[in-house]
Structures are given as C-alpha cells and as structure tokens.
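Peer 1: Here it is: the structure, laid out below.
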Amino acid sequence: MASPQDNTPSGATPKPQTHEETPDQVKLRINGGERLNIRKNNPAETGFDPATSKWVNYFKVLTGSMTKEGQFHYREHLYRTNEERDLRRCEEQRDWLFRYSPVVRYMRDQIRLLGGELDADNVVCRRCPSRLTADGRILGQAGGFSPQHGILVCANSIRDRKHLEDTLAHEMVHAYDHLRWQVDFVGEKDLRHAACTEIRASMLSGECRWTREAFGRGNWTVTQQFQNCVRSRAIMSVRARARCRDTEHATKVVNQVWDSCFSDTRPFDEIYK
C-alpha cells in the first residue's frame, strides 16, 4: 500500500450524493466507490493564478494574500512545472540507493531469494498529483506497491535521499511479504493481512524513528513514540482500503494483529532503523 503522508484518503463508501455539483468541485470515485468533492482552483477566491509569474505568486504567499487552498494549488503547479527535474533527481537517488544503501540492498537480496527482482524496470519514479477535498483533506502519497507492477515512487513528494530510502524500504517490505506469504495485500478477503504488512512496513522502514518524528513531523513525545507512530500509520493505511468502513474499523483490525505482527522483524534479526 502507499506510504501514507499526514492525510490519506478514507475508505468509507457513503451513499451517492444527490445534490448538484458546484462549479468549483469535481467528484472523484476512489477506493471502490467513495465519492469525494475535489476542489479545483478558483483564482478569485484563492489568490493563486497560474497565468502570473512564479515570483508574483510567491510574493502572495509571503504577504499572506494567498489562502491555504491557493498555496496547495500553487505547490501542485510547481510540481507540474518541475516534473522533469524531480524525475531525474528521483531516478539518480534511486540508483544510488540500490548501489550503496545497506537496507535497500539487503531487502533486494532477500526478495531475490524468494524469486523476485526489483530494479529500474519495476521501481519507477513518477509525479503523483495530490488532491484537496472540500473538507480540507489532502490526498497524497510518497510511494506505493502493486503485486502486479512493482514499486511506484512519487518523485514530487520525496524531500531528500533519506526520505526516498525510507519510502523504498517501506514498499520493499510489502514486496517481501507478498512473495513470502502471498498476503491479501489490498484486504479484499481479509483486512488483517493488510494490517499486518502495514505494521511491519512502518516498523522496519525507519519512517517512525524518533528523529524523523521529532524533526520531520514535530512530534517530540518520547514515551511509546515508536509504537504510537507505527500504529497510527498502519491505521491510516488500512483506513484507505475499500473494505474498511471507518477509522474505528481500521483500529480494531490493527489491534487484532498488533502483538504478532509488531514482534515479527523478518527478514531482519531486529528493528534495523
């Protein structure tokens, strides 16, 4: 499943809305049927106008004359503008990590032992558009794994090489679990499979280490910080599955498998990062 960012799409499937769609919204169907109101940019309301120069828009951000929604659309506009640069940087960093990163090389070797192969052909960098819903949620991701296609890295969401290393490690744990246990990755039959691989991926990838939580997400908690991070990110990822009803359902499923999956560090002897 996708490496979640702070806001991930919910997996509920409410009844179809019957009201007329407003001009600044478009309905998007995701996760097996959920209907979300995705906001398009309205320069008169947001202050962001793609027809003006980058520096004019940047000045609006500095002076507070661009709304939070406008800043979201401005950022997405820059991602589109800089797509070629971001893809080139992502591919260079990916290749470097496959040559020199201990965790990436180790996971690649373990996947090979199970008959799989990960390389530039099935670990691909792409621009992944985020979307802003009418209720203010940002739907985005840093990467994703598909048993049929391999690993997707969202080049525009990757901050630096260390972030890419964590993202690759997360998705490679999913690939390992798929090859070793043939897990029900998307949770079509059993959400507990999805919950277990998400717990393991967040635990083993390094994305929940204290320094990233503190300096990256502003969470300075010391007691139980690691466990809380792994649990919350697993819940977010399970929540995004189509068969998950709501956050309460996701929490229940994660709790059901927590003890066995949180203690399972395979293929590592212990938590590496």
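Any Cβ shown, glycine's included, is placed from N, Cα and C.
Pulled the feature table from Swiss-Prot, pasting it below:
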COMPBIAS  1-11  compositional bias 'Polar residues'
REGION    1-33  region 'Disordered'
COMPBIAS  17-27  compositional bias 'Basic and acidic residues'
BINDING   His170, His174  divalent metal cation binding site
ACT_SITE  Glu171  active site
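Provide an account of the burial state, proximal residues and distances for the features listed.
Peer 2: Other Cβ atoms within 10 Å of the Cβ of His170 (divalent metal cation binding site) number 29 in total over all chains.
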Peer 1: Enter the number of other CB atoms within 10 angstroms of the CB of His174 (divalent metal cation binding site).
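Peer 2: Total other Cβ atoms inside 10 Å, all chains included: 26.
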